[in-house]
Amino acid sequence: MALFFSSTQSIPATAEVPRHIAVIMDGNGRWAKKRFLPRVAGHKRGVEVVRDIVKQCASIGVEYLTLFAFSSENWRRPQEEVSFLMGLFMEALQQEVSKLHKNNIRLVMIGDHSRFDESLREQIARAEALTRDNTGLTLTIAANYGGRWDILQAVNRLQAEHPELAGNYNEEHLAPYLSMHYAPEPDLFIRTGGEQRISNFLLWQLAYSELYFTDTLWPDFDSAAFELSIASYRQRERRFGRTSEQLQQ
Ligand code: IPE
Ligand code: IPE
Ligand code: MG
């Protein structure tokens, strides 16, 4: 049977270390602007921070780390920034995948990749295939991802494969078609860069995630900043609809 994780259908166990952390890595452009550098310099620095956070998550026992790298709305940016970002994905994949593999990390890319160049799609497929059986941290990169796109593609595929269930779809039916079907819902959501919004990230899966917003810009998000987010998470009382008294019992 396929795994079925749902915070609305059953109450997940809460652990000291979040099993799944989802991050909106925001603030690269502002980081660069503050230094009178082009925006893309912020993106470059951002990749280095990804490397450090992946390492840190693996070392404290996080099982799933999901990073928002490019939203379905980021195509609205200037053409040259979009091209630079595509180049950066390509480069990062080429340079990092063997290291990820050596560290037993499984890489999964989610999002609508149909708009990417053939060469980038091939690179993604190769990286996923190489690391598929790794048993350490699962690193998910969301690229050309949108929460609404995800829910709609899931409903459409479910409907195509199970027309007989139409009108009676439930969460368990939908779950296997969602992009992150292989992972529990995020325990902790982090957004750097000061904005307090979801920006069409994991709309379905964030139902009961603990939200953490920090003004720290992504290129400045170092291990101390990461530890603060974990400390904040540890102080939360995750009630999932119950009362505090019920939890004390
Ligand atoms: C996040 O940083 C990276 C991407 C969206 C690709 P931004 O580029 O959004 O940086 P700010 O928000 O303009 O500072
Ligand atoms: C969200 O950041 C997307 C990523 C970090 C990839 P944006 O910078 O695109 O979000 P908005 O436009 O400020 O909401
Ligand atoms: Mg931004």
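We number each residue from 1, going along the chain as drawn.
Glycine residues also receive a Cβ, built from the backbone N, Cα and C atoms like all the rest.
Per TrEMBL, the feature active site maps to Asp26. The feature Mg(2+) binding site is assigned by TrEMBL to Asp26, Glu210. Taken from TrEMBL, the feature substrate binding site applies to 27-31, Arg39, His43, 71-73, Trp75, Arg77, Arg191, 197-199. Per TrEMBL, active site, proton acceptor is recorded for Asn74.
Overlay of TrEMBL annotations on the structure.
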residue	record	CB count, 10 Å
Asp26	active site	23
Gly27	substrate binding site	24
Gly29	substrate binding site	21
Trp31	substrate binding site	25
His43	substrate binding site	22
Ser72	substrate binding site	19
Trp75	substrate binding site	11
Arg191	substrate binding site	23
Ile198	substrate binding site	15
Glu210	Mg(2+) binding site	21
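Contact annotation for recorded positions (Asp26, His43, Asn74, Ile198, Glu210) versus ligand 3: Asp26, each with CB under 6 Å from a ligand atom. Residues Asp26, Gly27, taken from the recorded positions Asp26, Gly27, Ser72, Arg191, Glu210, are distinguished by a CB atom under 6 angstroms from ligand 1. Candidate binding-site residues: Gly27, Gly29, His43, Arg191. Nearest to Glu210 (Mg(2+) binding site) by Cα distance: Arg191. Ligand 2 lies under 6 Å from the Cβ of Asn74, out of the recorded positions Gly29, Trp31, His43, Ser72, Asn74, Trp75. Annotation for the residue listed as 'active site, proton acceptor': spatial neighbours Val82, Leu85, Asn144, criterion Cβ-Cβ under 8 Å with sequence separation of six or more. Cα to Cα, Asp26 (active site) and Arg191 (substrate binding site) are separated by 7 Å.
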